[in-house]
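A.B. asks: One structure, pasted below without further comment.
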Amino acid sequence: MVDYPMEVVWAKILLPALVASGKMLLFGSLLGGFFGFLLAVSLFVTGQNGLRPNPRTYQVLSALVSSIRSFPFVVLIVAIIPVTRFVTSSSIGWVSALLPLTVASTPFFGRMFENSLKEVNPALIEAARSFGASNLQIIFRVVVPATLPSLISASVLGVIHMLGLSTIAGTMGAGGVGASALIYGYQSFNDTVMYLLVFIMFVIVMGIQAIGDRLYKSAS
């Protein structure tokens, strides 16, 4: 067992790990959420009861979502290493992890957001159409406001999902909490570091959920 002084644990292990994981969580969630929302709107619009139904387009997009979600994240990271190196000139570090994190989280966000958008009352859409609203106006002025609480809940689940993905990415060279727990905790047989990082992750998840619950109540 490798026993590190607490000041070393905090300054050299915990703080850098939290900063790296925080960056992956923030930017990964923003990218995954943005592209996921665009995907969700496309699925919603082209769906069977959508604004412009297009079964073929919907089936292609839905199959793509299901295919990417079926990939284990570790396998996905390895599979797109050539693309990651081409885009970021490296395959390690938190910046390089953003590409696989975005690829993996976009279908998750997309499916969650799609399910939220489907909760809108069809009567609201018909009323908006009767006033001559365009599809874009219907989406952003009717559907999104009507389903905002559900979209917030989906976002919270997506961010927590991203936290788990970023931890896995850490064990594959991205750094952060996952790497520190593996190297300084598990491989060094240091239970203190490992369980401290687990506790910190628990606190982060609870904090994200608490913020999400408050936003949900505000939007309801």
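Any Cβ shown, glycine's included, is placed from N, Cα and C.
Marked as domain 'ABC transmembrane type-1' by TrEMBL: 18-212. Among the features that TrEMBL reports, transmembrane segment is placed at 24-46, 58-80, 92-110, 138-160, 166-186, 193-212.
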A.B. asks: List, by number or range, the same-chain residues at least 6 past the transmembrane segment (58-80) whose CB is under 8 A from its CB atoms?
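C.D. replies: Same-chain contacts beyond the flanks: 39, 42-43, 46-48, 50, 97, 99-100, 103-104, 106-108, 110-111, 165, 168-169, 172.
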A.B. asks: Within the same chain, where does the transmembrane segment (166-186) have neighbours whose Cβ lies under 8 angstroms from its own Cβ atoms, ignoring anything closer than 6 residues to its ends? I mean 6 or more beyond.
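C.D. replies: Residues 2, 4, 9, 13-14, 16-18, 20-21, 24-25, 28, 73-74, 77-78, 91-94, 96-97, 100-101, 193-195, 197-198, 200-201.
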